[in-house]
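Feature annotations, courtesy of TrEMBL:
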type: DOMAIN; residues: 20-152; note: domain 'Bulb-type lectin'
type: DOMAIN; residues: 285-323; note: domain 'EGF-like'
type: DOMAIN; residues: 338-418; note: domain 'Apple'
type: SIGNAL; residues: 1-24; note: signal peptide
type: TRANSMEM; residues: 457-481; note: transmembrane segment
Amino acid sequence: MKFTAKYSSFVVVNLFFFLQLTSSAVHVLRQGSSLSVENPDDVLISASGVFSAGFYPIGDNAYCFAVWFTKPCHDGSHTIVWIANRDRPVNGKRSKLLILKTGNIILTDAGEYIIWSSNSTDSESWSRLILLDSGNLVLQTLKNVTVWQSFDSPTNTLLPEQPLTRYKKLVSARSQTDPSSGHYKLMYDDDNVLRLVFDGPETSSIYWPDSTVLDYNQGRNRYNDSRIAVFDSSGHFTSSDQVEFNATDFGHGIWRRLTLDFDGNLRLYSLDEQKGIWSVTWQAMNRSCRIHGICGPNSICMYNLGSSPKCSCPPGFKMKNQTDWNYGCEPEYKLSSCNDRDVIFVKLNHVNFFGYHPSNLLNYTFEECKRACLDSCCVAFQYRYFPEDGAYRCYTKWELRNGYSYSSYNGVLYLKLPKSFPSGKPVEDFKLSCSSKQRKQLDIAYHKKTIPESLKILFWCASVIGLIEMVSIFLVFSFLYKTQKNSDAATRGYLVAATGFKKFTYRRNPAMGVPAVDTDGKVWHQRLEAWVKRKKDGAAGENPWVEELIDTAMGYDYDRNKLENLLEVAIKCTEADRHARPSMSQVVQMLLSDKNDPDINIGVTDLPC
């Protein structure tokens, strides 16, 4: 029972550690274990259950390793707060997240290529991956020393108490359904000011704070060297450049997140857990059309009746990509030269294209401003009155970017078009498509590992040889089995000599032989009875020949006379001539006789020994 109890304890302990390493929906992922994309239940969950981490589907057969709020929203979707491989999704087969023995976390795809790595090492002790109740995914040693954490590499979202520092930045998603990196960033600039930047494929520009107003006039302080921004669970945000604000529902007990959305606006959200709805409690840009690049080049951002923005093309332009406004509009005409005079100017009220003018020309008349555009390669000009100056300003535009229009804007834009363009052609406009049901096919190629042709040939040759050997062994054993089954004892003796295989039973014949060593040290075999006789005949006087046959483990605890008697019976019973062997009655008499009393006679029926 003691052995059983110890064995049971050993099994229970090992089973516990096995379940810790392999069970699904765990709180801790230990070093040497992994999470698989093929098992939907392979998920790390925080102790409170608020956050989950695992493989999240973002498209057709495309997955990212992410952290999200466990409880779904009202529409069934989950709110993702961090992604490891946002720009390199993995396949839905054979992709894994592993913690190596070096302490490094790696994400591998179907081809076993490393897609993402934490670039962390811990050679002192074992590591474990834990999802904290704050939403921070942390790699710790057994001494609770943090080796790596997701809070140090944010994607597009900050959680309470997650700092944004000098070398960190938020990058927006590409769209509402595509979490890959977009064109908007929240970051500290070289002048220590926290800024929102549009970083497009062709150009980049700052749109928050307003670049037309001096920073110190907007309450920003460049003279700081800490470069840190953070908000707490109550909804209070503060930055080292003196940006500070509170959520409209300021107070504790509410889950919040600060997200740089795909449209370039920075918003603070609060969660209504009962309804499963995120509400905006602060945003950086109250006028979304003032966000740069929101509609692409040569396009105009407008507001409809519902105050949501929409994009449109000005006269003489058409949408470049019918499914994506990021490409903007392209001209339907082509001027003969940069300073072509055979043109007209189309008036667009309450419209402006931000930036891209060499300078503002003060106190110009309208005709002078028009002539300045004709004499240059400008594509449009703006003529606007500034009450604070009591004068008009002229802006000649060489590119049409960051266009917007709203009724309270008092500027007028004059667009240069060829005279052949029909002035009565309506403006082409489209609403922004932000449907969450839209699915996008992600073009991700998975390359198989190539094996050298010579290695393939060697592998197939080894496989064929191995197969032949297995068949040969099977045939030989089948033949030996049938031969041994149908053969007599003599044949089996030859079989043993030929093959070296021997069949052992509990009825071994004592006459089969024992090994002996001659004077030259050579080992040879002789029959058992001959060996015993040789020992007995070679004994002189009181030579203890019997002792040579006794197992040393017995010591001296035996009767020498009885043992000698037993050996003599064994010798006689193994005589080659069966007629020379004693009968059963004689055997009994010999076993029970005493050398000092040879007259003992027990009547037993004579049977052959």
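Positions of Cβ are set from backbone N, Cα and C atoms, glycine also.
Looking only at the domain 'Apple' (338-418), the predicted model's pLDDT averages out at 89. Under DSSP, the residues of the domain 'Apple' (338-418) split into helix, strand and coil as follows: 9 helix, 37 strand, 35 coil. DSSP assignment over the domain 'EGF-like' (285-323) gives 3 helix, 11 strand, 25 coil. With DSSP classes pooled into helix, strand and coil, the tally for the domain 'Bulb-type lectin' (20-152) is 6 helix, 57 strand, 70 coil.
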